[in-house]
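Peer 1: Right, I'll just put the structure down here and ask away after.
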Amino acid sequence: MNYGAADERWANPPQPVAAAEHGPSFDHSMVSEEYEHDKKKNPAQKEGISFSQALLASGHEKSDGKIKLTARSFMEVGGYAVFLIVLVYVAFAQNSIQSYYYSKVMSDLFVASTGASGAPAFGSCTSMDNIWDWLSQVLIPGIYWTETSNSTDNENMIYYENRLLGEPRIRMLKVTNDSCTVMKSFQREIKECFANYEEKLEDKTMVGDGSVDAFIYATAKELENLKTVGTIASYGGGGFVQRLPVAGSTEAQSAIATLKANRWIDRGSRAIIVDFALYNANINLFCVVKLLFELPASGGVITTPKLMTYDLLTYQTSGGTRMMIFEGIFCGFILYFIFEELFAIGRHRLHYLTQFWNLVDVVLLGFSVATIILSVNRTKTGVNRVNSVIENGLTNAPFDDVTSSENSYLNIKACVVFVAWVKVFKFISVNKTMSQLSSTLTRSAKDIGGFAVMFAVFFFAFAQFGYLCFGTQIADYSNLYNSAFALLRLILGDFNFSALESCNRFFGPAFFIAYVFFVSFILLNMFLAIINDSYVEVKAELARKKDGEGILDWFMNKVRGLTKRGKRPDAPGEDATYEDYKLMLYRAGYAEKDINEAFTRFNVTSMTEHVPEKVAEDIADEVARMTEQKRNYMENHRDYANLNRRVDQMQESVFSIVDRIEGVNATLQTIEKQRVQQQDGGNLMDLSALLTNQVRNRESAARRPTITSIADKKEE
């Protein structure tokens, strides 16, 4: 059988259309009417692109406006996917849930535990006496375990599994007694003044004869310490240090008792820092513990616990070789990207940096280079510190440099991962549906910038009001920084209304209601309106554009190709039945309802019969005719809807103009009426004046004869 006459129809099947019972859709017509005349009545099926064509293609735009997939874009997506996998492995290989559990166990032991004789927990210390009790009843028992295990020598071991590295250190920083000035009115009663901590106000004077190291000031260089950041201030690395023995709780208790008896912590003390390090061989993790007591000039104690867990011996484990391989691949990618960016900048000069995604690439490379440098530094620092601790016999273990290098590395690594995932939007935006987010943000950037200024004015006005009005009584408003974040939390529903009300029964509720009204109800809804307006515009604009063929389109075409949907159907063989031919037509893209109607018109009752050549051609013609008829109906209906919408818009415009004309006419009539009234009032005044003058003239004329007669009589 020869089906050559139907080959052209099969090679160029129509696009599937919606069933007639669903009715025409007006959604698309409402947003794409300006370009409806450019659409073809029977557009050809979107051309596909093979894998080999994708590799060999060059960037070009087809005559119908569709952008074809290029070799550069395909290779770029594939290469970046591999880079992202490598980056994620490098970033997360050294992080595990064990790090959290390790920190939590140590926190429960030293921070949350209370003393056997009623000593408060670390966070509950509020006075100097509480600090002494915590040191003797919580810290010492936690570090020195007296119970023994049959299979483990637990000397220097915490929980039988954590080795104590070096001597625990208790460091105290103090200020001089003349670091501030007492007011003259109180100088007779108050002789000493201790200011808040500043490094220039530190008291470095030796206490007593200096026979005990804890009473001799040691510099930061001698202790190998860095600054410690607290809640109130940042404290220097020096201070008066009491080293506890590696083993022996009795000696440690004796040292604490000696310090307490000699009033080692006094009025001038501003910080007590306890630091030590642990190593767990089971999970190959180090835990650096730093517990800070701050003693502000106002009195009391502010506690800050810091427990940081690190993997300092990554390359010495079973997965160390694999980690080195992935890090080497990561460095290779970064080197390739750097050369690529340099060539691009050389071609385009500074204009290259005007594109958003190019700036993202530059930032990503900058963070990546910094990560590589910091990774080398933290590895070198960690290994050197561990070797140093082992060489000195586990007596001295300052880990501040390790903590600093590790934190810097982790922070920059987090930035690299974040920017790398943001860049994924660059590739998924090749499809117009996926590009709506980025296009919406780009279009609304100017409006959001203006909104941000207005929001900042309102926000910081409320923040300053809260700080000034409630700062002395509510912790959330104790400073401007806390006040700003308290207001941000209020937007999310996290607030303490009772505290505001108890602080000020008038301004508290008024402040809360005003902030919720202006910020939550007005400003946030304005922000959503800006985003929504931009999204509607972007969606309408993208609906008017013709579909391009990007990475996602190429992938979906391959998936459709696997199911043979949208492909040219093979001509039915001699043994093909009506059921087979129906399936071929359906796979070619025709609507199932049109196929069934065509089969019904040709009185096809048995689907197992063979398809004659003539009947096959007639059925194909009928299905194509019905599909084309429906498409024309849809196009005409869409044109009618667009025309109807435009007429409605014109009507609204005309009615608006008429309303404005009527308003102007009413205004003119009012003005004319006022002018006439003013003119009538003026005429009445003129008439009244004229009548008054006439009356006066008549009265004068009437008086004259009388006066004349009187004068004549006098003369006589």
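Heads up, the Cβ atoms here are built off N, Cα and C, so glycines get one too.
Annotations per Swiss-Prot:
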COILED    613-680  coiled coil
CARBOHYD  Asn150  N-linked glycosylation site
CARBOHYD  Asn177  N-linked glycosylation site
CARBOHYD  Asn377  N-linked glycosylation site
INTRAMEM  483-497  intramembrane segment
REGION    1-44  region 'Disordered'
REGION    696-716  region 'Disordered'
TOPO_DOM  1-72  topological domain 'Cytoplasmic'
TOPO_DOM  94-324  topological domain 'Extracellular'
TOPO_DOM  346-355  topological domain 'Cytoplasmic'
TOPO_DOM  377-409  topological domain 'Extracellular'
TOPO_DOM  431-447  topological domain 'Cytoplasmic'
TOPO_DOM  469-482  topological domain 'Extracellular'
TOPO_DOM  498-510  topological domain 'Extracellular'
TOPO_DOM  532-716  topological domain 'Cytoplasmic'
TRANSMEM  73-93  transmembrane segment
TRANSMEM  325-345  transmembrane segment
TRANSMEM  356-376  transmembrane segment
TRANSMEM  410-430  transmembrane segment
TRANSMEM  448-468  transmembrane segment
TRANSMEM  511-531  transmembrane segment
Peer 1: How about the transmembrane segment (73-93) with the transmembrane segment (356-376) - do they touch, taking at least 3 C-beta pairs under 8 Å (6 or more apart in sequence) as contact?
Peer 2: no
Peer 1: Under 8 Å between C-beta atoms and at least six residues away from its ends: which parts of the chain pack against the intramembrane segment (483-497)?
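Peer 2: Distant contacts of the intramembrane segment (483-497): 459-460, 462-464, 466-467, 471, 474, 476-477, 508-509, 512, 515-516, 519-520, 524.
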Peer 1: Within 10 angstroms of the C-beta of Asn177 (N-linked glycosylation site), what count of other C-beta atoms is obtained when all protein chains are considered?
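Peer 2: Excluding its own Cβ, Asn177 (N-linked glycosylation site) sees 15 Cβ atoms within 10 Å.
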Peer 1: If we call contact 3 or more Cβ pairs under 8 Å (sequence gap 6 or more), are the transmembrane segment (410-430) and the transmembrane segment (356-376) touching?
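Peer 2: When sequence-distant Cβ pairs are counted, the transmembrane segment (356-376) touches the transmembrane segment (410-430), since at least 3 lie under 8 Å.
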Peer 1: Summarise the model's confidence over the topological domain 'Cytoplasmic' (532-716) as a mean pLDDT value.
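Peer 2: 67, rounded to a whole number.
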Peer 1: Helix, strand or coil by DSSP: which one applies to Asn177 (N-linked glycosylation site)?
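Peer 2: Where Asn177 (N-linked glycosylation site) sits, the three-state DSSP reduction gives coil.
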Peer 1: Please report, as numbers and ranges, the same-chain residues at least 6 past the borders of the topological domain 'Extracellular' (469-482) whose CB is under 8 Å from any CB of it.
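Peer 2: Those are 463, 489, 496, 499-500, 503-504, 507-508, 511, in sequence order.
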Peer 1: Other than its own, how many Cβ atoms are within 10 Å of the Cβ belonging to Asn377 (N-linked glycosylation site)?
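Peer 2: For Asn377 (N-linked glycosylation site), the count of other Cβ atoms within 10 Å is 16.
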Peer 1: Residues of the same chain, at least six outside the topological domain 'Extracellular' (498-510), with any C-beta under 8 angstroms of its C-beta?
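Peer 2: Tertiary neighbours of the topological domain 'Extracellular' (498-510) are 469-470, 473-474, 476.
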Peer 1: Tell me the Cα distance separating Asn177 (N-linked glycosylation site) from Asn377 (N-linked glycosylation site), rounded to the nearest angstrom.
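Peer 2: The Cα atom of Asn377 (N-linked glycosylation site) is 42 Å away from the Cα atom of Asn177 (N-linked glycosylation site).
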Peer 1: Based on DSSP, tally up the residues of the topological domain 'Extracellular' (498-510) by helix, strand and coil.
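Peer 2: Once the DSSP states are binned, the topological domain 'Extracellular' (498-510) shows 10 helix, 0 strand, 3 coil.
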Peer 1: Could you give the residue numbers and ranges of same-chain residues that sit at least 6 residues beyond the topological domain 'Cytoplasmic' (346-355) on either side and whose C-beta is under 8 angstroms from one of its C-beta atoms?
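Peer 2: Non-local partners: 362.
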Peer 1: Give the three-state DSSP assignment (helix, strand or coil) for Asn377 (N-linked glycosylation site).
Peer 2: helix
Peer 1: State the non-local partners of the topological domain 'Extracellular' (377-409) in its own chain: residues 6+ outside its ends, Cβ under 8 Å from one of its Cβ atoms.
Peer 2: 156, 164-167, 223-226, 237, 246, 275-277, 286, 288, 290, 308, 310, 312-315, 371
Peer 1: Work out, from DSSP, the number of helix, strand and coil residues along the topological domain 'Extracellular' (469-482).
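Peer 2: Across the topological domain 'Extracellular' (469-482), DSSP assigns the residues as follows: 8 helix, 0 strand, 6 coil.
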